[in-house]
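So the structure is just underneath, and the comments pick up after that.
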């Protein structure tokens, strides 16, 4: 639903009110900004509005100044000429001069809307008459509103064909508060004798919706914008009216009053209304008003008294012919409007096809781009494959060259080996007699070797015999050594006893003078000193006697043995003792050498031990350091995990625990063997 407000336009009372709507010279110059800058839908709506204009406004009396100059004269059969431009048609001409944004001043049309040249005229009209531009066929396609985006998102088509009437909703609101025409305070039913004449004039002068001068800017979306309303000084202010889309229920009419003369008659209040249903206007009201009852067509003109409808005279043939011509002209205009709407629909379809073509071109460009990208990828892959094949070919060529070189080298080696084999065969042929000679020599040597083996066996038997003799002698030597060792032990014991006896004897000899001097110094009883002396002498004598007896016995035994052995035994013993002493010295030297070797081995072993211990210490220290580093890393990982996963506060640097380091004593104890 859209709402309209009509504003009154006051005209000069001295002028004809209908001439106020005639185009001024200034109006034909610059284009109407509403038409020039409006949307394409406004132009389409204007074109359809002009095409559906009714012919009711072309009728009127010829006697009064305020009536339209019409083709009805005295009713003679002379050829009727088209009247000049009606005010509404002139206004439509002024508005349609800039239809679709272009001034087509050189185009002229006849009564039926056919386009003629600028100098030529129609056969049924005068040479200077031109049809209003709203009845012409546009030479250029209408400019449609550019819609961005996809076409399938549009809720409504751009141009609706005018051949189909939209469905009228049941709850639509008609246009209200339309003021009746000015009747100078007298109701329409209570007028004077000219009331019927005024009613006929009113029915004949009704204009359809979409008269000239109206402006539509809906662009096919049901909106009404700035519809100017023309009214004379005799019309009243029209209240705001609300209209349903594509329907106009009432059109402002103008009546001519029945006064004295044409100047006293009232002017018509002409209003132009426009709908907002894709620029379509209904012409049924105009056609119905123009096709009124026959009694209306033959009514008198001027200020005569009105007659009832039953007493009206039948219409004249000229009026019927004019009415039929007007109906024919209206139908032709409807056909032209349908043709224009069809062209506009074709333009819309062309635009749709153009947009689809653009979409297809975009898709084709995308497909080309994708195909070009895929072709580039395939080309790159083919190039990489070609490069890989070239590299493989180069490698195979290099391998082939290497194999050829290796084959040539093997051929040279084969030739060299063949030469060596030939030389070896020649040498073998030369060595055959020498080999035979060496075989005979080998046989001779084998005999000699067997003989030598026999001699070796004999010598081995002699050696074994000698060895057995040596073993016997060694056993005898052991026995002699054992007896000599016993003798030496006895001699040593005798020497020890002799030395001890001699020492005791010397001690006794040293004590004897002191003991002898003691009795002389002290007067004693001759019996007591003798007893003490006897006891002392007895003790000393016992000791001396025992020592002397032992020494004498030993000397006697030694002397006896020495004398018994004789000088030969002594010499042999001395030789044996010298030999034994030499063996003992050699044994001592061997023992010293063995001790020195043992000491050297011990020293080397100690050095190796120290080295091993040092290595173990270093290895253990490295293990300990590795363990400490692992503990530090684990602690850092735990701290990082705690800082990232939980919100536990990290310990401060001063509160961190020191890493465990083993002491030197623990290291030494752990490395001891």
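Backbone N, Cα and C atoms are what each Cβ position is placed from, and that goes for glycine too.
Residues or ranges marked as region 'Disordered' by Swiss-Prot: 1-157 (among others).
The feature compositional bias 'Basic and acidic residues' is assigned by Swiss-Prot to 79-92 (among others).
Annotation comment: Swiss-Prot describes 172-239 (among others) as region 'Disordered'.
Here Swiss-Prot flags 173-186 as compositional bias 'Polar residues'.
The compositional bias 'Low complexity' annotation in Swiss-Prot covers 215-235 (among others).
Per Swiss-Prot, region 'Disordered' is recorded for 251-317 (among others).
Swiss-Prot lists 258-269 (among others) with the feature compositional bias 'Gly residues'.
According to Swiss-Prot, the compositional bias 'Low complexity' annotation covers 274-294 (among others).
The feature compositional bias 'Gly residues' is assigned by Swiss-Prot to 295-307 (among others).
Marked as phosphoserine by Swiss-Prot on the basis of similarity to another entry: 316 (among others). A sphere of 10 angstroms centred on the C-beta of residue 316 (phosphoserine) encloses 14 other C-beta atoms.
Confidence across the coiled coil (317-496), taken as the mean pLDDT and rounded to a whole number, stands at 89. Taken from Swiss-Prot, the feature coiled coil covers 317-496 (among others), and the record attributes it to sequence analysis.
Annotation comment: Swiss-Prot describes 318 (among others) as phosphoserine. The DSSP secondary structure for residue 318 (phosphoserine) is helix.
Annotation source Swiss-Prot lists coiled coil at 571-639 (among others), citing sequence analysis.
Taken from Swiss-Prot, the feature region 'Disordered' covers 635-673 (among others).
According to Swiss-Prot, the feature compositional bias 'Basic and acidic residues' maps to 653-673 (among others).
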